[in-house]
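The next block holds one structure in the form of structure tokens; read it before the comments.
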Amino acid sequence: MSTGAQTKAAAASQHADGPRLLADVGGTNARFALETGPGEITQIRVYPGAEYPTLTDAIRKYLKDAKIGRVNHAAIAIANPVDGDQVRMTNHNWSFSIEATRRALGFDTLLVVNDFTALAMALPGLTDAQRVQIGGGARRQNSVIGLMGPGTGLGVSGLIPADDRWIALGSEGGHATFAPMDEREDLVLQYARRKYPHVSFERVCAGPGMEIIYRALAARDKKRIAANVDTADIVERAHAGDALALEAVECFCAILGTFAGNLAVTLGALGGIYIGGGVVPKLGELFMRSPFRARFEAKGRFEAYLANIPTYLITAEYPAFLGVSAILAEQLSNRTGGASSAVFERIRQMRDALTPAERRVADLALNHPRSIINDPIVDIARKADVSQPTVIRFCRSLGCQGLSDFKLKLATGLTGTIPMSHSQVHLGDTATDFGAKVLDNTVSAILQLREHLNFEHVEQAIDILNNARRIEFYGLGNSNIVAQDAHYKFFRFGIPTIAYGDLYMQAASAALLGKGDVIVAVSKSGRAPELLRVLDVAMQAGAKVIAITSSNTPLAKRATVALETDHIEMRESQLSMISRILHLVMIDILAVGVAIRRAAPNAELAEAMARAKARAGASAGDEAADVLDWLSHGAAPAAKD
């Protein structure tokens, strides 16, 4: 973190896309900062969470106070598990959608990660001046590191070395069940059970846990204490020498040592255990003299093992900013450094060769890519201060057919910012929110399909379809829509095809199939027993089955080739939406594959196709090429006179 006047070197190292917003949001306070360049963290401000109705309100207040205009990228470390788009804080009343927050604040990128995952990413960069070793032990290089820290809650994480980088673990280990080690801790557990049905380590060795320990010990000694005594009061009394407060702190540190030892043996953390959070630093010498280290090593047969593992207290100021900055930098680097983002690199390479007007469109695409993707051409032209034809010329200068083609390529380069987890629709969502969630969920599912689809199976399926004597498409209920769409596409190849959505018709037709025939069975569940029996009959007669279904289903296991389309629906009881889209996409992939095969057929197939097309007065290759163009979102094939 830097202070003082900005040097020329610092100015040169500023982020090209502007300052980045960093946040560390806890149960009590929200801390914000700006990173103007790598390691240049400034304008740190702290806001009490209770004073703001929402996280968005707190961020807007910070941006206003910091007098910052546009921020493109932001990353938030939050004291809460982060699983999907919706975040509901455990130790505060804030609840928000990550994507809705990003849109409301106008960010291009908004990352939200667990605070201890962020803190973990800061550990490799800490210097000796930013940590204090507690007890003995020596850390082993390139070994697992453990992290814990009592604050409003008890955060837990870890770092695993992987080649030249570190992988941070997301964990809620603080909620592991508390296990007492002596009679005094038995008493604390019994007291806590009166209030909580499940007593986790977080209940007794997070900040509020010290109050529980203090009150449990007071009850043991039959001492009356004020109702408003909190952890800060207890720590202050302990520093002043109050016997009961000192015992509470001692007990607290011992329990913390037990938990740290558990974490060390669980992770095999030979790289050391680090202690963060806001409570322990306030204990000062009370912690250094406490039984923490002795309890850390007290693991019976593993005492020698733990004696060699060092424990450190983090003393760096605002270390979570360092970690969340590293995570954001890696995310943005992945976006711009991968093969999928070649369009960004091409824009940068071509920029100087563009006209001044086209250059303004290029700058808009680089700095605000979502604006290009989401806005109509009239808004893009207005924001870039150019004419609409200039926008089209810019796209063609990059080798794109037009604006739509450029938007598609640009979106591919932005996959790192598209949510890859499912966003739940909730009662009370506005049309903007639930509409965006439906679209995001669909896009996310398609991207995941692209990442996990077995393309060897796709090639096998295309070969089977291309050589089929007859193709029948079977789908029940909602899947019948997909079957009908497939029939509409494939009958144009000159192969006899039909689609059935009725079990009786499927059974009757399947009984007539044999070698050379193919059934494409479309099913979300892949478990309908009647459909499975129909397919068994056809396969026993020599027909082949291509299944478009979920993985590890009876249908996937029975099929000649399975094309697996796993996904998450919002509710099992409602009409399948995402699965239908994925199944339609699979049909498009298969149809394009067959069209490509038939656009350049071998001699034997060409002769067969020519005979099939003779009555239509079209050559096989021309017809297949027309269909390929149509499937590729070009013009529909012209009707033959």
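Backbone N, Cα and C define each Cβ position, glycine as well.
Features of the protein shown, as given by Swiss-Prot:
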- 377-396: DNA-binding region (DNA_BIND)
- A23, D24, V25, G26, G27, T28: ATP binding site (BINDING)
- 341-417: domain 'HTH rpiR-type' (DOMAIN)
- 461-600: domain 'SIS' (DOMAIN)
- 1-340: region 'Glucokinase' (REGION)
- 341-641: region 'Putative HTH-type transcriptional regulator' (REGION)
- 576-596: transmembrane segment (TRANSMEM)
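Shown on the structure are the features that Swiss-Prot records.
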| residue | record | Cβ contacts under 8 Å, 6 or more apart |
| --- | --- | --- |
| A23 | ATP binding site | A30, R31, F32, A33, I59, A74, A75, I76, A77, I78, V324 |
| D24 | ATP binding site | A30, R31, I76, A77, D115, A118, Y318, A320, F321, V324 |
| V25 | ATP binding site | R31, G49, L55, I76, A77, I78, A79, M89, W94, D115 |
| G26 | ATP binding site | G49, A79, N91, H92, D115, G151, T152, G278 |
| G27 | ATP binding site | G49, A79, M89, T90, N91, H92, G151, T152, G153 |
| T28 | ATP binding site | P48, G49, A50, H92, T152 |
DSSP-derived structure type at V25 (ATP binding site), helix or strand or else coil: strand
CB-centroid shell, 8 A cutoff, ATP site A23, D24, V25, G26, G27, T28, site residues removed: N29, A30, R31, G49, A77, I78, A79, H92, D115
Distant-in-sequence neighbours of the DNA-binding region (377-396), which means Cβ under 8 A and at least six residues beyond its ends: 354-355, 357-358, 360-364, 368, 371, 402-403, 405-406
Residue distribution over DSSP helix, strand and coil in the domain 'HTH rpiR-type' (341-417): 63 helix, 0 strand, 14 coil
Residue distribution over DSSP helix, strand and coil in the domain 'SIS' (461-600): 68 helix, 26 strand, 46 coil
Model confidence over the region 'Putative HTH-type transcriptional regulator' (341-641), averaged pLDDT: 79
